[in-house]
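Engineer: Before anything else, here's the structure in question.
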Ligand SMILES: NC(=O)c1ccc[n+]([C@@H]2O[C@H](COP(=O)([O-])OP(=O)(O)OC[C@H]3O[C@@H](n4cnc5c(N)ncnc54)[C@H](OP(=O)(O)O)[C@@H]3O)[C@@H](O)[C@H]2O)c1
């Protein structure tokens, strides 16, 4: 994925995180990236780094092969309809990041038979730590690899079926917010028991990173690692059980299901 030209159509929060991640990899040719939005003011820093910025979606599509559409679900289909005459099935790969918009809907808006992918990254793309769930009906191995390798440059990828894309949105993309709220609560607790906010934040963020790495590197179940730190009659199990009595796991699961139902609607 070194030579394809990439257009990010609708470079808002997520689009900018992806671009920042690509910039920081230092291995992605920035001259191959075009970013679009109507108000270009907050893309000026990218322009200084060699990225093309424009409000003209059609020219961005014409000059690129991989088209990452990072528009909101409410206008993605109308914008795709507007630019459909510029989309060439023999040249372009379309990747939609929009929550809740199916491949069939995108196909209908473009009105052509062409390779369409849906991808669900998260804003940790900014630091190349996104997990991106990808689905497509495209069977072409080379194009599959192109899309995968693009998102691998900002983290890791998982291939899933389209019917799981909304679930992927909840635990992958909304998940960033859940985890950040958890971190914030831990910092608040740390301050109450004696640390200043800055020190509490350093301890908590590294603890969360360490806990994740334990699971990623050792491929263990969380409860296995929890058992190691819960001494009988000790302070960890006392705190954990108090959290559970107050609905800790239940609140998280119910929140996840509520987010999911909201997308389904
Ligand atoms: N944020 C996440 O964590 C996340 C994660 C996974 C997927 N998603 C999905 O990613 C998509 C984008 O989310 P977001 O949070 O990045 O939204 P966002 O910040 O609102 O970004 C969308 C951008 O599209 C631009 N835009 C609107 N109309 C346009 C047009 N006609 N031509 C070109 N640009 C246009 C807007 O800028 P202007 O007003 O300046 O044009 C805006 O900055 C959504 O569909 C969402 O479901 C988000």
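Just so it is clear, glycine is given a Cβ too, placed from its N, Cα and C backbone atoms.
Those TrEMBL annotations? Automatic predictions, nothing curated.
Annotations per TrEMBL:
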BINDING   9, 10, 11, 12, 13, 14, 70, 71, 72, 73  NADP(+) binding site
BINDING   57  NADPH binding site
DOMAIN    5-98  domain 'Pyrroline-5-carboxylate reductase catalytic N-terminal'
DOMAIN    162-264  domain 'Pyrroline-5-carboxylate reductase dimerisation'
Engineer: I need the CA-to-CA distance for residue 13 (NADP(+) binding site) versus residue 57 (NADPH binding site), whole Å please.
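Structural biologist: Between the Cα atoms of residue 13 (NADP(+) binding site) and residue 57 (NADPH binding site), the distance comes to 18 Å.
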Engineer: Could you round the CA separation between residue 70 (NADP(+) binding site) and residue 57 (NADPH binding site) to a whole angstrom and send it over?
Structural biologist: 12
Engineer: Can you tell me which binding-site residues out of 9, 11, 72 are within 10 A of residue 57 (NADPH binding site) by Cα, answering none if there aren't any?
Structural biologist: 9
Engineer: Need the DSSP three-state call for residue 9 (NADP(+) binding site) to compare against my parser.
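Structural biologist: Assignment for residue 9 (NADP(+) binding site) reads strand.
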Engineer: Report the mean pLDDT of the predicted model across the domain 'Pyrroline-5-carboxylate reductase dimerisation' (162-264), rounded to a whole number.
Structural biologist: 97
Engineer: Count the Cβ atoms, other than its own, that fall within 10 Å of the Cβ of residue 57 (NADPH binding site), considering every protein chain shown.
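Structural biologist: Residue 57 (NADPH binding site) is surrounded by 23 other Cβ atoms within 10 Å.
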Engineer: What is the maximum Cα to Cα distance, in Å and rounded to a whole number, among the residues 9, 10, 11, 12, 13, 14, 70, 71, 72, 73 annotated as binding NADP(+)?
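Structural biologist: It comes out at 14 Å between the most distant Cα atoms.
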Engineer: List the same-chain residues at least 6 positions away in sequence whose Cβ sits under 8 Å from the Cβ of residue 72 (NADP(+) binding site), in sequence order, or say none.
Structural biologist: 10, 12, 98
